[in-house]
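Sequence annotations record features per position, and here TrEMBL assigns compositional bias 'Basic residues' to 1-10. For 11-50, the entry in TrEMBL reads compositional bias 'Polar residues'. According to TrEMBL, the region 'Disordered' annotation covers 1-59. Residues annotated as transmembrane segment in TrEMBL: 84-103, 115-133, 153-173, 212-236, 248-267, 279-300, 312-336, 375-397.
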């Protein structure tokens, strides 16, 4: 009986025992299968270590790092050269001011600025403008009455009103002398600068023909409007000798422009496009020379005020310019939206909005206040305003140019898509 019980117990335990033995066999088989794989990994590690040991000095990694450093250096040099090229006009202008400060007699006496800067440089700028612009573009610019009217109203009315409010604020808190505050108002009532407006507009992919038409009209209208505005703000009654101003505009602006147009008529467009960059450099160089001569005379004669007053005036003028440019950008987007208008007119309006003439403004101020004891202080704000607008224009011109190019590409893409859609509709109808 005990033997039978033992056999029955062993029969009951046999399945579990068998299963455990089966698990042991399976695990042993898995270990056997995994051994070759482990050996393969060890072989790969050994081969990798062997390759590393073959180059104990790390020449491959050193060469790779050296090539990376060379590439980074090339990229840095490229960015620096690109930045210098894009800001070459600003560098030239600052260098001319520094040279005028170091040696003012050179630009105020030796180069004969009353001839070289007041006549020769201005004639060169407008001759090159006439040479590089199509007659059709000039005529088209004159027919854009809505845009031209807006620019004239903004430059004469809005800018002068803002400057008048700022002058009252400065006088209330006695920040600057009364004569400088009046000079700021007088400066704001002057017409647009022809030279800088054309050059900066062209550098920002604007419409130079529109800039020139507006600036010339502004100078002609300023003969009457500037004294009227000054009388309204300051209560000063005077007159400008039209018999001397109009012939000066004809000789400095109209005749060189006409001569450039005549030469343009006999030269092919391909040849002009080849030398377009050189013509632009000539215009910019002439403008820099005008600035050099102006600051040379300023440093030689003296400002008649303190450096603190000059610094405060520059700060207020920068604030006024920024406010005016922000407003004109907003109004241009509202009154001349895309795609009804062209992006280049936005760029043109931006530079024309705050531009004030120095070659025309100084004779106007001299005519209005010929025997006034504070004539130098009345002129100083204009001498600061003119180069400040050029500096701001140079700084924002690359970004404005990118904006114009981007918007023109988008408009061109939309026109192409519209033409393709019209062609598809036409083929479907057929």
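In case you wondered, yes, glycine gets a Cβ from its N, Cα and C as well.
The model shown is predicted, which means the values in this text are computed figures rather than measured ones.
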Same-chain Cβ contacts of the transmembrane segment (115-133) under 8 Å, 6 or more residues past its ends?
107, 194-195, 198-199, 208-209, 212, 252-253, 256-261, 263-264, 267, 272, 276, 279, 282-283, 286-287, 289-290, 292-294, 359
Sequence gap of 6 or more, Cβ distance under 8 Å, 3 or more pairs: do the transmembrane segment (312-336) and the transmembrane segment (84-103) meet that?
no
Top Cβ-contact partner of the transmembrane segment (279-300) among 84-103, 153-173, 248-267 (pairs under 8 Å):
84-103
Below 8 angstroms Cβ to Cβ, which residues of this chain, lying six or more residues outside the transmembrane segment (248-267), approach it?
119, 122-135, 138, 194, 212, 216, 219-220, 359-360, 363
